[in-house]
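Database features, via TrEMBL:
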DOMAIN    3-95  domain 'Pyrroline-5-carboxylate reductase catalytic N-terminal'
BINDING   Asn55  NADPH binding site
Amino acid sequence: MDYGVLGVGAIAAAIVTGLCDDADGAPPVLLSPRNAGIAADLAGRFPTVTVAADNQAVVDGASVVLLCLRPQDAREALGRLRFTAGQVVISAMAGVSVGELLRLVAPATDVARTIPLPSVATRAGITPIHPPNATAKALFDRLGEALEVPDLAGFEALSASTATVAAHFAYLQAISGWLEMRGLPKDEAERYVASLFADLATALRGEHDFAQLARDHATRGGINELFHETLATAGVFDDVRGGLDRVLDRLHAL
Ligand SMILES: NC(=O)C1=CN([C@@H]2O[C@H](COP(=O)(O)OP(=O)(O)OC[C@H]3O[C@@H](n4cnc5c(N)ncnc54)[C@H](OP(=O)(O)O)[C@@H]3O)[C@@H](O)[C@H]2O)C=CC1
């Protein structure tokens, strides 16, 4: 399979790295020239990666085109390009519907939306795909695991769930900030909290029954139970659901 990439930024770099870094049978990858620095870096690191003269040369030179543009750039950039009927187009762009993709890349009809995460760079990402698409599945199985999601509502909910990462780090910052207020040096407080949660993140690779994990870590009458109950009573977990509803509304409005 040969790939063309339009929009060479953070997520495109992760996909290309996962395809080519220390990989058996790295495929040919043709990059759009912008962002020139990232494109040159990828082409310099991987022998099967080349930078095209312009966006149309990417479309002309690849049977599978990956769209990794920011949604606000996509309409103008894609409107200028000529696709062919037999091409497969795989979009990573949040909030751009299949209907709009079909309009933008006509006469190509084999299109799929995906939600790659930065962990595709180490071939450890689980990537939702909608609608199911054999070419996208082969690509993202290679980069970890493809998760075909036939139901649009389920796909959009998964997309919304990726908005929780900044808040996760803010939660860790609240804990380390509280330790600082109790007199611990900032660096010590941050390193301690990082070590606590890094260990738990590693454990998640094997266990993902979150309710069970919460029970396992809450000794009856203990301090984990106390803290969990305090947040639950304050409505923090209801707020998580409410926040995700707001994100979903925003995605629908795009
Ligand atoms: N980052 C992530 O973890 C994820 C991102 N996505 C989606 O992927 C898309 C890209 O995100 P991300 O990689 O973070 O964004 P970036 O801003 O890092 O990358 C976008 C790239 O597109 C380039 N670009 C802009 N206009 C054009 C154009 N007309 N032709 C060719 N290239 C152009 C930009 O160049 P320049 O720098 O010169 O402006 C930039 O390099 C978004 O739609 C986002 O929703 C999806 C899942 C995860």
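Every residue gets a Cβ built from N, Cα and C, even glycine.
Any TrEMBL annotation is an automated prediction that lacks curation.
Mean per-residue pLDDT, taken over the domain 'Pyrroline-5-carboxylate reductase catalytic N-terminal' (3-95), amounts to 95.
Of all the Cβ atoms in the protein chains shown, 20 others lie within 10 Å of the Cβ of Asn55 (NADPH binding site). The DSSP breakdown of the domain 'Pyrroline-5-carboxylate reductase catalytic N-terminal' (3-95), given as helix, strand and coil counts, is 36 helix, 18 strand, 39 coil.
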